[in-house]
């Protein structure tokens, strides 16, 4: 049965108790060593906040033993089952926790001892916690507050051991992830791990929706609180909040302005000529399915997910495939080498140099200069440099035309520049797609502030549309449709309604609803339009955040055809527009043959083109899309393609759906972005801040880790339900309202100030420190020529002192890992001797690691993946120079080198379950400081230097609004 605040019902860490790893129906493990709870001494020169706690190794335990088995009893003495049977999580979660291998029993029937997993249970549990956005080794703000309240109820007793608590929390989270269809009750949790921390950890995970969400949410019998909550909006955030609040025992009413649920997630049924299909008009892609809660919801509901193929063919405006066109020009000597590879690599370098620019610019200038201004200036500089190098190259060394003609062929240079610029602007359009805004309106400093929080795993489409996910969440929820809200009145105090404290919501129809609290999930565009009145007005900091945050448009044109005429082995293909102004027009197509139930194609319209299409008729938009399709499939390069039985390759569409999200009165746009003058994550913190302890805000524009995503909206609803429950639980226990710096105005002040940034706890300080170091390291490698480069490794030698070991700063590009099979002559010589740069061999994108950094690959298909604008997954670490040179001489390609790093040198790398607990931060900082003096930033490009000076001079003393 859920608890509000956990009472004192067990021994403390200093009292004898059974360890948190003990499983039910088993004898205690052989003397597992307890986690050391003493405070660790910081290393000299390194703040204690960044120290990861030293953990003694715990013998792996088998999570399958805590899941009910259909068999009557468990085998003993080495014959215990290794993996749970029946319903379970995803294939990764189902097979990962077992000790015996790929879904087989851990021990053989002949009494042999069970095999052990190469990855310890503790490491597995930490990985699961990381995948859902929790810090495996540290407490979040909500957890710290909960533990402080529990300790306050236990006067005179020792404080709760944080490390022991974290182990229990990670364990319980993993237990639920094994079988996400079942409800994990507190009683089950207490039986699964016999520890005094089980109830506290379960209460946190359950309250804030890390477990038991979706269809596993179950209201406990007899648990009903007196407070009522109104949820404004039936989008993903509103539905998640309402479902979670009902599970926690509150009466809930959802008010929705439309005649359907889902908000900006909408699947349109298309039917004509006897053909029925489904088109996604709003949110389409489930990104990072390993940790995405919507992927869990799909699994609970039995909805198949279709992983998006990485291959994305790219076509010029005349329909010619980019690859074939480049091959033709290369063989004729017009281009000299693959333009797509050059453009992709150069675009990636330009993105990295944008980090260096942020280091050089004043903070205000970095916020007021757009990412497009920086990209364009750096692109022109890089293009001019490349053209100068090519002109200076001798004949026959890559500089000339046929037969080694001179490098001064102006026509070839002009054609090459035109193609490069078109591909560059396609990349910028992809960036605009991810932000639903023209690149000229995005802040250089903050436009990609959420990159560090990307979820791991494949991208996927939901078969039948995401509307099926919405339907799962609406079950048994009281929702009033066609009920737009006109006014929200609120005040602090006890009771319901304005007079007694609480919330009063007035609908446009005049209906009045009163409740103890309200969750506001209005889209940012509606808040910007000020069509809903708040009384008293919202605090000034929240209003400022509403004004500063960007909110743009991404539109789509979906076409239903009588038959499929495209390659069904691909899920996306792309088109490059000639004109810069139209670079986002139909630049990417989603293929719905596998997920839409019929031959459905959806063309994406981003940037300025997304604004222009809203003034067009449906017929005009469809005609433009059909022109692009017929160029690609019927007249590639202006030549007619062969047809079957005389019929056109591209048939006339049976039906079309054109979205205009900017003109929709209940959304007024698509999703949020970091516009010019934004202050980064602080804006999202201000949007999410509660007001007066009664108004709570959810939606994709209120979560700085996952903005502009469906899972971000869903998680924000779970977060606010937890906040409401925690606030009311404190009141029921007679505790004063918590002094929450994130709350706008505080619990008793509806007009007080709001902090301009999130609270600065030790964990946040450590994160900021590491983020600043990571940004500086990227900038350093973008401007400094490496002393040694091989495979996906780059190295800069650190200073050398007499009699001391010389260290090196190493960068590993996980999006450009070269395996042994793609390295020519790997067995004959060191890889570095044969590679000759990127052109020396093929490149492989590591699955699930650089999934949104498609630009890291030299192939057009990889670069054209949705979200391919994202920066590559880079790892920086310090190594002795001798170790770097040993890696360079190692055979087996980058795969062998990465294994050596984790096993021989003891480093932890993403996705590789090895390594030690050594924290290299101090060594990295020392090397970075020394190398930054050796490689100072160069001058700003002329255009940006002038813009930066003008920007700083124009900023008023009070800051931009």
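The count begins at 1 with the first shown residue.
Just so it is clear, glycine is given a Cβ too, placed from its N, Cα and C backbone atoms.
Range with TrEMBL annotation region 'Disordered', chosen from 325-354, 355-384, 385-414, 415-444, is 385-414. In TrEMBL, the feature region 'Disordered' is placed on 823-869, out of the ranges 823-869, 870-916.
For the ranges 735-755, 756-776, 777-797, the feature annotated in TrEMBL as region 'Disordered' maps to 735-755. Across the domain 'SWIRM' (125-222), DSSP helix (H, G, I), strand (E, B) and coil residues number 56 helix, 0 strand, 42 coil.
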